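Encoded as structure tokens, the structure appears first; notes follow it.
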Amino acid sequence: MGPIGTEADENQTVEEMKVEQYGPQTTPRGELVPDPEPELIDSTKLIEVQVVLILAYCSIILLGVIGNSLVIHVVIKFKSMRTVTNFFIANLAVADLVVNTLCLPFTLTYTLMGEWKMGPVLCHLVPYAQGLAVQVSTITLTVIALDRHRCIVYHLESKISKRISFLIIGLAWGISALLASPLAIFREYSLIEIIPDFEIVACTEKWPGEEKSIYGTVYSLSSLLILYVLPLGIISFSYTRIWSKLKSHVSPGAANDHYHQRRQKTTKMLVCVVVVFAVSWLPLHAFQLAVDIDSHVLDLKEYKLIFTVFHIIAMCSTFANPLLYGWMNSNYRKAFLSAFRCEQRLDAIHSEVSVTFKAKKNLEVRKNSGPNDSFTEATNV
């Protein structure tokens, strides 16, 4: 379900916990804990593996914080970037920032130390924050796809207003907060005795009922279906119809041709965002599904390492989006450059071209005004 305190923590034997977490240790009374067999040592305790994990997580955090902060900054700063679609994109960036700043540092610490040293409050907060952010991202990507489908496929003249877009964003966070709440509620911060007089602090899922409760499995499978499979199905259907419409559309006039090309490029960019999100989260979702179906997966020697690698792959989606925006969208590329140069206006770059194009656009709009006007407006990102 989340990176902190999975069912593995509760199902390991005392000997397995001792071997994986520590290696040679002494008890508070000075008794030596026997050295574990080399083949039993958890790989995440090896120095070279820990160095790789530190580099991976720190790189994701650094790239994510810089990239997502930049996206939010340019959408707020430049008036021409304040479109409905860009507000939704900025919301994705906020969700990714939550993961970068509130989840990943503590997840890395927990993975390296083998026990939860951050206290009971963060034990409940960190898994909840990650679940919340992922669900916000999924809902936002679905809303973007449905909005573009509505405008482009059906040629609707009325677009979502900025006020309505803020309402949708608020609802996305509210719904996600409710759906992710079990991750905070059904959690236990406790001491686990490894050997007599030797304990570690654990942060684990604790569902009501028996020790191996079905509630956790039901929640995990429901989340997979409602917040991954179903949204991706809706998004795939929407973008398939959008792409079909764009390929079959014939625009009269040079200005409309230009906007048609922009629509295609923007659609490609947003499809790539969805693909990156879906592919990066697929291994972790599949692995969690395997755990839910067969709990013996928890007994794998390298369970923790496999889970950590899949978690790192999933977290790559938190910094990939700004790279895609800068690579595939000229408006974002110009906005990023303007922000780095501390320029106050976005049109400071290629300003003469912008003025000329605006004049041509106004002339073409007067000549070609008609039922396709809404189609032309649909994807100004």
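Keep in mind that glycine also has a Cβ here, set from the backbone N, Cα and C atoms.
Model, not experiment: these values are computed from the prediction.
C203 is paired in Swiss-Prot with C123, the candidate among C123, C151, C272 named as its disulfide partner.
Scan Swiss-Prot for N-linked glycosylation site across N11, N372 and the hit is N11. Relative to the membrane, K45 and P120 occupy the same side according to Swiss-Prot. The transmembrane segment (166-186) is in contact with the transmembrane segment (87-107), judged by 3+ CB-CB distances under 8 Å for residue pairs 6 or more apart in sequence.
Secondary structure at C123 (disulfide bond), taken from DSSP and collapsed to helix, strand or coil, is helix. C203 (disulfide bond) sits 45 Å from C342 (S-palmitoyl cysteine), taking the CA atoms of both as reference points.
Under 8 Å from some Cβ of the transmembrane segment (269-289) lie the Cβ atoms of residues 1, 92, 134, 137-138, 141, 144-145, 148, 220-221, 224, 228, 232, 235, 239, 243, 297, 306-307, 310-311, 313-317, 320-321, 324-325, 328-329, 381, all in the same chain and six or more residues away from its ends. Sequence-distant neighbours of the topological domain 'Cytoplasmic' (73-86) (same chain, 6+ residues past either end, Cβ-Cβ under 8 Å): 144, 147-148, 159-162, 165, 266, 331-332, 335-336, 338-339, 345-347, 379-381.
The average pLDDT the prediction assigns to the topological domain 'Extracellular' (290-304) is 81.
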